[in-house]
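J.: Structure incoming, see below.
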């Protein structure tokens, strides 16, 4: 059946900002879908609020609406663009929920849904409808009951018994779900789940804790052809959300009979739900002893697991699902990797392991115990010839300084406690248990992880015990260790531990070289090497290979450049850096240079099979990078676009004289080394805050006293402001040093940076591109939040409202720094304007997280321009090549973009609602997971749109709760008076009430939690508070923390800085004005 010709305008709904449960995988699927629809001749219209995505680049759609994903905006686009059909299955839960809301409100008249019809979405997502559908086709389900109120939930639990699992309908990443072991826990979980479900429906089920969990990635076409793309096995048993579980593909502990039962059931489920053109994810649980199989749930859309399955098999699920949605059948679609029909089920001759990445260190008070509600921020994937090789490679990919199965404890009781408790380090504690002689059966009783996986870890521990210096001369032993996934660095560490002999990773590598032990590279080809692979998608392995290996060296023909990616998503290093790597690949294609991509993140566009000419799915470690450089014999290496991950490799790469292109290592070193950089700034006569670098705890005290408080402290070489704090006095410094030295040593190698804190300063981000001769000031972004809040967490906008004189000085100083440093490529500079003077805060000679936003806002693709500059060292030529709309002008000695006639604002998105116990107050340590963009004709309207897009909508009437810290009260009174004049009522606790009363501002006094009832929490729970303003800090009393927790729990919109309140007032004053709904292409005309 050929493509449909009765539709022409297709609207694709994106997933919005990166949040827990919905990350870069939907940029990958959305980008693939946009490209596919466009190549088929359809007119593609996209709505997505996330500017850091590749899919929102204007060339991927005919009209790109970077707007909040609301039913109202979608309806307006349908009318304006004359939409024939909507594809909602590429935008995660966000897209499905949006179309369901529109359907319920009668807003989809005359528009067809592609990929999944309303009935299919309802049956798949509504737990009651799903249960009825499963019973109809004879599927076994966990015993359960539905409830729509707290009373019904209590009736259900009396029937189900404890422990019980509570699940909410139409939620993302297990939102609102949990396991209750007693009635008190149950009542709280049931209330939370009812609140989380947009249709107030929850399912109370019998516990399946300890059962084995599997996922099937299924595709079905309009002719009822069905295929299994991949069967994914969860190592962690039921009770841990699959997004937080370590998973493997293909499944290793299923019998063929069980697999066939699951396969048949998956096909029957898709038919009954009504998914007739696209992909779905179906989850099962199997009792480890009785082998009873039950259906858990299904997603009638492309999911996080679909991205993993695509990368694990090389099968482009999103592309195939898109083609099926517009009329093709599986046998009409070609697999791009092998040129065989897409109806062939993929076959794997390797093992894939996925491990999630968490960020508990960023959120004090959040439990690291894993459960049915997802908590991970990102994930890594590794491919190996056997399970242990893949597992150890995955551990090495996590970017948390693990070289393999690191030992965490020798206390057996503490180890057992950690094995019982699902947590991100559980596998490492299991290895520790085996080191202390605990048996496989004993460990199984503690964690219910399948004995096969436990015996594999035990095997690895036994192999570790035998590592000594003799392996450096014994080819059989050393090859055996490499076959088990041991890195050179881990082998060196174990030799030191076992023999107390200092051996470096380089010496292990040298021994391998002498013994002719090197990895061979294999292809991910979807067909276990049965057909010729046309796209190089590679992984390394030391596993014995019966087939002739691809080899360790490539024939040198065309020019090649290696792009080192950013690894797993985590706070401080997210999708923005992957965006830059993808653009580097596109720019190399424009230069007719072959691109070689290295990354280990299965969610991203950079690891899609057709983004680069060659893809290596490997840990971003020096050992792996070196083997790829030797194999590919690249002409250049880009380390500047993947954040801190590749930058950390620059020193070792420079030592081996690897061909780093762009800004050289010596420049990176000057910018990263505080002492060298301070000297550099003094030579250029550029102001910076008073500072010092403490190489010991004693020196930290003396520097702090010399500078004077308040100070801001941070360790060197960190991203995302980790361990960064503002300290007001010597007591706070003492407490900080006592806490930080538990995890970080302060030494000459790892000094502590101490700066004078510029209170109430206006911060700015500048992105620039330099070719050693000329400079392009790509944008000056003004922060809304004042100094002291991490730049990644602050809202920022362009054009700036600062005076022309200050802006001229920023341009002049930026150009001076870029030219004198010798930057070739991108440069990010952070400034602060304090008491009308310009201070330099820091310089990063690499891509920054603001590059995608500025590229969208101003219409110049900065990462592409920078890549071209790094290759050709000609800024003028690069700007001319990419400035298609004549945006760039030359003025006052620098290139710069013409300022737009609109305001573009970037706002951060936080995971507080997913991480119970986290505090919403911001500081110098970054906490946001994603971003949204608001574009409008004024700052107020842009802010209004951005708040809507990041789930913090501005209400234009109602009761506002206000709690202000003492030092802010005088300034706050003026702002609160304006809120009252706009028609709001204020309610405050005693201290703020007195300050407002003294200033003549009317407010209603409410009780704190500790003062009795009814108190402020009661007002929030009753839905009486429309917004909350809270500028207290982390040092505030427990009452204030409980109030902030209540704000999150009750979905109250909140603002935590006075500078944000000022822009909020602008938004409220302008909110009655209509702002025309425009596509990015219209703004950039």
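A Cβ is built for glycine as well, from the same backbone N, Cα and C atoms used for every other residue.
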J.: For the ATP 2 site that Swiss-Prot assigns to 714, 756, 758, 763, 788, 789, 790, 791, 830, which of 774, 805, 842 is also named?
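T.: Record source Swiss-Prot; matching candidate: 842.
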J.: Could you state the whole-number distance in Å separating the C-alpha atoms of residue 208 (ATP 1 binding site) and residue 283 (Mn(2+) 1 binding site)?
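T.: Between the alpha carbons of residue 208 (ATP 1 binding site) and residue 283 (Mn(2+) 1 binding site) there are 13 Å.
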J.: When the domain 'MGS-like' (952-1085) is classified with DSSP, how many of its residues are helical, how many are strand and how many are coil?
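T.: DSSP classes over the domain 'MGS-like' (952-1085) add up to 63 helix, 22 strand, 49 coil.
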J.: Excluding near sequence neighbours, so keeping only residues 6 or more apart in the same chain, what lies with its CB under 8 A of residue 297 (ATP 1 binding site)?
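T.: Residues satisfying the criterion: 127, 130, 167, 282, 283.
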J.: Could you find out if DSSP has residue 127 (ATP 1 binding site) as helix, strand or coil?
T.: helix
J.: Around residue 788 (ATP 2 binding site), which residues of its chain at least 6 apart sit with Cβ under 8 Å of its Cβ?
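T.: Once residues fewer than 6 apart are set aside, residue 788 (ATP 2 binding site) is near 712, 726, 757, 759, 923, 924.
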J.: List the Cα distance (Å, whole number) between residue 758 (ATP 2 binding site) and residue 239 (ATP 1 binding site).
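T.: Here the two Cα atoms lie 47 Å apart.
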J.: For the binding-site residues listed here, 283, 299, 830, 844, which shows the highest count of neighbouring CB atoms within 10 A?
T.: 299
